[in-house]
Each structure stands twice: as C-alpha cells, then as structure tokens.
Amino acid sequence: MRKNVNVIGAGVSGLTTALELQNDRFQVTVIADRFPGDLSIDYCSPNAGAQWRGDGRYAPGSLDAKIHGYTFKKLYNLAETVPASSVTCMNLEEYVDDTEASSHKDPWFKDLVPNVIPQAQLPAGAKSGISYTTVAIDVPKYLKWLLQQFIAAGGKTQRCHLAHVKGAFGENVDVVVNCTGIRARTLGGIEDQTVYPTRGQTILVWAPHVKSMKTLTNAIPFGYSRLCGISYIDEDVVKTDMRPLRQAMMLVEIYLLYRRNDFLTPNVRMASSGNVILGGTMDDNRFDLFPDKEIAEGIIRRCTALYPALTAGKELEIISHNVGLRPSRVKGLRLETEIAKNAAGKEIIICHNYGHHSYGYQASWGASNEALQLIKKALSSQGKDVESKL
Ligand SMILES: Cc1cc2nc3c(=O)[nH]c(=O)nc-3n(C[C@H](O)[C@H](O)[C@H](O)COP(=O)(O)OP(=O)(O)OC[C@H]3O[C@@H](n4cnc5c(N)ncnc54)[C@H](O)[C@@H]3O)c2cc1C
C-alpha cells in the first residue's frame, strides 16, 4: 500500500522533496502557508539568485559533495532537456578575495562540471580563480514549474499555517517532512533555536547583454573558502570598498546572476535576454526587511567594477531591490528522522530537511534524495524500539 506523506513547506526544499517521494510512489501532500507566486520575507526561495557554485571546502566523497554533485547533475540535465524548467547552462567566473588558491587548483567538482578552466589558463590579469560551465535558475519560474510537475503527477496541496508540527499528523499520515526553512525556529514541536537568518540584499536589473556570471567573494572573516585572489578588479575598490565591510564581519559577495527571461528560446546554453541579479550581502542574524540604500549603492559600485560591461555605457535599469533571509543553522543542514505519535497513538516518522543557508537550490535534489533514503530506512525499521523526542 502507498504510504501517505505530508511535506511541510513549498520552498525549493519542500517541492523537490515532494517530487522525489512522489517519484518513489509515495502519496504526497504539500502543506504550506506560502506557495510559488507568493512573496514574503519568511519565504526564502523566491528571493534567491540562484546558481550552482562548487564549494571548495568540501572533501571529495563527503556527504555535502555527494548532495551538491547529485543536484548538479539533475539541474544540468534539466537545463539541457527541459527549457520550461527555466534552468540554463551558463559560464561562471569565480574569484575569492584571498591569496590562497589551493581549493581552486584541484576542486572536488572538476570532473563533475564540464569545461573547467583552471587557474593557470585564466585570462591575462587574473591572479587566480576558476571558470566553469554551471547552471543558473530563474527562481520564480522554476518554483512554479516544480509545483506544476508535482500537481500534474497527482500531488495535493493544502494552504494553511501550522502552529505545531502535530498539525500535519493526519489520521492516515505515515510520514511528515519538515522543510520549513527559517521557521523551523518557531514551529511548535521543533523550535530549533540554532536556526538563524543570514540576510541577503540584491538588486534585480534589466541587462540583456549580460550572458555569463561572475563572482568575487570576500573570504577572510569566515574562512569561507580560502580560494583565491583577484587582480583584474581595481585594487582601490578592494581596499576602499571591501575592507570596512570585512571589519564589520560581513561576508560580501559580488556576483552577477543571469535570469533567463524567455524559456522558449531553443539555445539554452547561450540564451540571450534578461534580468540579472546583482548581489549581495550575507549578513548573519540581521532581520531587517527593507533594502538598505547604502548597501544597494555599494552593490552597484562593486558589480560595475567587477563587470564593467554591465552598464553598457548607460544607466542601470533597476527593476527591484530585494531582501531575503537565508535559513542558516549553527551545525548546518538538518537531515535526519525521528519518531513521534499522533493523537491515536500511531507512529509517525518525521524527517527534517532544513537549514540550507545559501545552498537551498544547489543542494535541493541531493538533500531530497537523502531524505527519501532516510524515510525508507525508518519505514523498514518501524515497529522496532525507536525513541521519540516529541
Ligand atoms: C539573496 C539570496 C541569494 C541566494 N542565492 C542562492 C544560490 O545562488 N544558490 C542556492 O542554492 N541558494 C541560494 N540562496 C539560498 C536559498 O534561497 C535557500 O537556501 C532556500 O530558498 C531555502 O529553501 P527552503 O525551502 O528550505 O525554505 P523556504 O523557501 O523559506 O520555504 C519554507 C516553506 O515552509 C513553509 N512554512 C514554514 N513554516 C510554516 C508553518 N508554520 N506553517 C505552514 N507553512 C510553513 C513556508 O510557507 C514555505 O513554503 C539564496 C538566498 C538568498 C536570500
């Protein structure tokens, strides 16, 4: 008999988990108070860039590398075969404001992503960095597409706010998956106080001439990746602009993320047109919801320095200023199961899949597949003595 699963959350984590479970013949309902098309500060997914960017900190063979690798393959395949998904292949030039380039010399993902241009072959002027073909995701369209796939395959949705996780323990429910993002902090029965926001401010501009992505990350305060330095950005920009932010313990990312506007275009690799995201900040434990003018000015200044062709000699056409709260967690992603009981005393498996920080998209399919494996394992050992924390 098919098992019934309630997935709490309709962000990228909830929707990909719902699809992975559905694909394995589970009967799935997604319960959430925000769905694709909604905009809210406590709903992170629509506020992302988003791209897949190899994280040089992961050891080859680690769970993180496995999750991110699995997701890359899935997203790359979507980009090549399903244009309606709004996932696009795109080149990314990536630099880190650090003199150590060790992780870029031999990245764990070098055999995964096509067309890795190693440090030694970067264009003249670049001290170090890496360039490779990856994927960019037009997130509002992608989220709607994920939801459509789920509903088309027989998935059900329920829009409601849950005060307590037990609100998802229906009579016939066997499994509940917790994909509540930042609100795992407040959801009754979970109340994970190690979850905190990492605020990100970005600007959406109209720049159809931009056809690739560039990233410069300030690595120092958090030992973020300790990857590389960059010399073709004006040294003065680095000195005058990034150092004070560093002192403020704020990780600053400069990136240009391409958003494909026209998903009907057949050439997914070099698709033209579009909206471009200029980023951005990573600011831990900052909750303010409104875009900060000074930060916005800094983003424009740094992005035009990194990517002079951005303005094409004209004024930037700004579409919107955006703020999102990344769902961070002290110990990182929570991917585990526990057993609880519903009102009738029936055992319910709870699987947690939250705390994705800045990697919700690029970890999504891999983490969802891990969640599926954990659920199957828990179902197969059901009836045996397992301690309930709820
Ligand atoms: C500026 C910015 C740029 C980013 N760029 C990237 C990128 O390039 N690549 C990348 O991989 N990631 C990126 N991220 C991170 C990514 O967006 C997040 O990690 C991801 O969106 C988290 O998704 P989620 O599904 O876990 O949470 P959310 O999207 O926040 O979804 C939570 C869901 O749970 C529901 N929910 C919660 N509590 C309740 C409740 N009590 N009752 C009912 N429903 C509830 C909500 O309604 C919602 O549907 C970026 C984030 C930001 C802000």
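Note: Cβ is positioned from N, Cα and C throughout, glycine not excepted.
For THR180 (FAD binding site), applying a Cβ distance below 8 Å and a minimum sequence separation of six or more within one chain yields ILE8, GLY9, LEU187, ILE190, TYR354. Annotated FAD binding site per TrEMBL: THR180, in sequence order.
In the three-state DSSP scheme, ARG326 (D-dopa binding site) falls into the strand class. Look at TrEMBL and you will find ARG326 tagged as D-dopa binding site.
What TrEMBL lists as domain 'FAD dependent oxidoreductase' is 5-368.
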Just to confirm my parser: what is the rounded mean pLDDT across the domain 'FAD dependent oxidoreductase' (5-368)? 80
